[in-house]
Every structure is written in C-alpha cells, then in structure tokens.
Amino acid sequence: MLENDIKKVLVSHDEITEAAKKLGAQLTKDYAGKNPILVGILKGSIPFMAELVKHIDTHIEMDFMMVSSYHGGTASSGVINIKQDVTQDIKGRHVLFVEDIIDTGQTLKNLRDMFKEREAASVKIATLLDKPEGRVVEIEADYTCFTIPNEFVVGYGLDYKENYRNLPYIGVLKEEVYSN
C-alpha cells in the first residue's frame, strides 16, 4: 500500500479540487478573449491540469512539454533537458505554464526565458504547489494554489522514482523511503 510510505497528508484531494475551481475562475477572467495556450509540464502536471481546465470557462488551447531536471533523486540537477517541445508556434500567443510544483525554480525560469525569446505575447506560470524555501533562482508563480514547507512531497502527479504519482492527495514521503 502506497499510504504506508506517507508520513502525513499535506493537501487533501478536496482541497486541491477547491483550489483548482478558484484558480479556474480567476483564469477565466484573466484570459477572457485571449485564447491562451496552457502548457503542461509532463509528467507531473497531468492530474492538476486535468482538474484545472474543467473550471476555465473561456477558449483555451493545450499543449505539453516534457522537461527533466530531476534525475532519479530528490534534488534538481539544474540541467534542463527538453525531451518534448510544444507542437504549436507560440509567437504572439499568451502562454500559461501549468506545473505541479516550483521548487528550485530552475526549470521554469529557463522555460520562461526561452518562451520570451520565442516572442510569446505573455508568459505566466500557474502551479499547484510552491516551495519557496527550495528556490535557487529568482522566479515567482503568477498563480499559486498552495505554498508548502521544504519537505519531499509526492502524489497528485508528483513522484519519487516514477512512483506515487497516482495518490489522490499531496503527501510527505517518509524519509526512510528515499534515504536508502
């Protein structure tokens, strides 16, 4: 049972759903008539993005990128590897990155800078979780659902070695699970 590896539930499924509803309402107002491209960062953003888009009541397009900066461990390497780029030309378009968590900030800072170079009309960031204590670069999300302490979290898309993504909540992983 996956629950046996969880120290505590940090954010419940109901809290995530409610936060996605509120954020969806805000994005509906902010992007009305702009037809933004929501870019989900794979793989972790899938559950959050799927919940979020159900609550956005304006035209949007969706695309995805697969970018890695974690290489099987618990700390970001700082090296950004784009495994899959967006399929659309974003020049002149409003782009909203949808992310599961901002930790060091390196991945999103690099992506934001890259999309500005591609001449996007605007580049903003929405994240389910923000962990400011982990930040090593200057970057802030434009939309944040939850600010969390500097603990190793899994669930709702977040993983440890590709496991735990399917938990319906955000939980703190027991240290003995990842320290071995």
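Yeah, the Cβs are placed from backbone N, Cα and C, and that goes for glycine too.
What Swiss-Prot records for Asp103 is active site, proton acceptor, and it gives similarity to another entry as the kind of evidence.
The diphosphate binding site annotation in Swiss-Prot covers Lys43, Gly44, Arg165. According to DSSP, Lys43 (diphosphate binding site) sits in a coil region rather than a helix or strand.
Summarising the annotation, Swiss-Prot assigns Mg(2+) binding site to Glu99, Asp100. For Asp100 (Mg(2+) binding site), the number of other Cβ atoms no farther than 10 Å from its own Cβ, over all displayed protein chains, is 26.
Look at Swiss-Prot and you will find Lys131, Phe152, Val153, Asp159 tagged as GMP binding site, backed by similarity to another entry. If you draw a 10 Å sphere around the CB of Phe152 (GMP binding site), it holds 19 other CB atoms from the protein chains shown.
When Cα-Cα distances from Glu99 (Mg(2+) binding site) are compared across the binding-site residues Gly44, Phe152, Val153, Asp159, Arg165, the shortest belongs to Gly44. Within 8 A of the CB centroid of the diphosphate site residues Lys43, Gly44, Arg165, the other residues of that chain are Leu42, Ser45, Ile46, Pro47, Asp100, Gly157, Leu158, Asp159, Glu162. The CA atom of Asp103 (active site, proton acceptor) is located 10 Å away from the CA atom of Phe152 (GMP binding site).
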